[in-house]
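Annotated features in Swiss-Prot:
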BINDING   Gly158, Gly159, Ala160, Gly161, Val162, Gly163, Lys164, Thr165  ATP binding site
Amino acid sequence: MNTGHITQVMGPVVDVKFKSGQLPEINNALKVVQVGADKNAVDVTVTLEVALHLGDDSVRTVAMGSTDGLVRGTEALDTGAPISVPVGEATLGRVFNVLGEAIDLGEPVAADVKRDPIHREAPKFEELSTTTEILETGIKVVDLLAPYIKGGKIGLFGGAGVGKTVLIQELINNIAQEHGGISVFAGVGERTREGNDLYHEMTDSGVIKKTAMVFGQMNEPPGARMRVALSGLTMAEHFRDRDGQDVLLFVDNIFRFTQAGSEVSALLGRMPSAVGYQPTLATEMGQLQERITSTKVGSVTSIQAIYVPADDYTDPAPATTFAHLDATTNLERKLSEMGIYPAVDPLASTSRALSPEIVGEEHYSVARQVQQTLQKYKELQDIIAILGMDELSEEDKLVVHRARRIQFFLSQNFHVAEQFTGQKGSYVPVKETIKGFKEILDGKYDDLPEDAFRLVGRIEEVIEKGKQMA
């Protein structure tokens, strides 16, 4: 085995000297065993990833764990390969760190479980699927107005407490129940408490059995936060390439991936770029995002929560992410305050799949009519607030009348929220969604009370609820 020794420790950056001509390759993992301070202390293994070659015999590495207690002269062992993580069935229902070590207090991962390196090339052109397929989620507002593409990348925007986590859980549940699909959740630089809550909520709702979770949270060194998204993606790619699955990959939060890269870049001594970000920002983002795609075998569809610093959409971090997105799902606090769940903004959410060539003429036409009706209602709200409904023309009154029904019908009960609401969750196929909204637009249900449309699934449930209310 190729061994070197530590010559310098600068926070999470460690320099290691090897014999001349025996430098480990870039991205190789080095192992350093930190001997316990006394006989009762446990020896700790720190993993370092090679980032730079310094001259003929030294490398600069980034630590994946705490470097507290590392000293010059400590031996570092070159593993001869990049960091690798366990893949396949053994990962389902488990929680891992960036190195693929189980952190859920369960049994350690068996030694014979297959492991894949986290650094790999994106699929080649000839492997990519050329057809654009819609991923049915069973969530009406998403399927109708901002449909997800298999192998696409979706940005999830929303402040605290508007329902990002519940929406993520419902997507995991629906993909598992209706499509038998696998989900991988990568927690990148977010709060440990949120990860813990999510794990327990998913265990309670039963979706954990179809999910692998990887966490590199806020308290971790920047190296771990920068690489944990790749660890999660590697697990997802295995399910796509070996098992032909349509996999959902959740990344929460993609901004923290960029932020960690910026910290590492500064520590490695690179010249900062705009707003202090790393000069390699676009390259790093591209290397991650290009691996998320659909091939002829299966697909990895990614849903990425995106934090926008100071609500500035021109900031280089979110702006670089936008270039890769196929759809956006915007959560709006005003809607959640009105009790409309999921609180997805039907006018701000977008998808490049919403075109007649991809979703079909009928779907496109109904979606656009729904948006036009809601937009007109939005414009009339100021007049209603000042003068009241009586001052509107008959035509405008009808628009408001239908828009409110549409707005309520965009809500639905979620399976994962059943234990809190006591209401049965609903999965609505796209055909049923289109049929329901088409009939509302045609005025077929103008006589039914508004409340009959709130938090229901299919249009038949509205009719049933309306009869009970009459």
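Cβ from N, Cα, C; glycine included.
Residues Leu331, Ser336 surround the recorded ATP site, their Cβ atoms falling within 8 Å of the Cβ centroid of Gly158, Gly159, Ala160, Gly161, Val162, Gly163, Lys164, Thr165, which are themselves excluded. Around Lys164 (ATP binding site), the C-beta neighbours below 8 angstroms that are at least 6 residues distant in the chain are Leu156, Gly158, Asp252, Ala305, Leu331. In this view, the densest Cβ surroundings among the binding-site residues Ala160, Val162 belong to Val162, judged by other Cβ atoms lying within 10 Å. Counting only same-chain residues six or more apart in sequence, the Cβ atoms lying under 8 angstroms from the Cβ of Gly163 (ATP binding site) belong to Leu331, Ser336, Tyr341, Pro342, Ala343. With every protein chain in view, the residue among the binding-site residues Gly158, Gly159, Gly161 whose Cβ has the most Cβ partners within 10 Å turns out to be Gly158.
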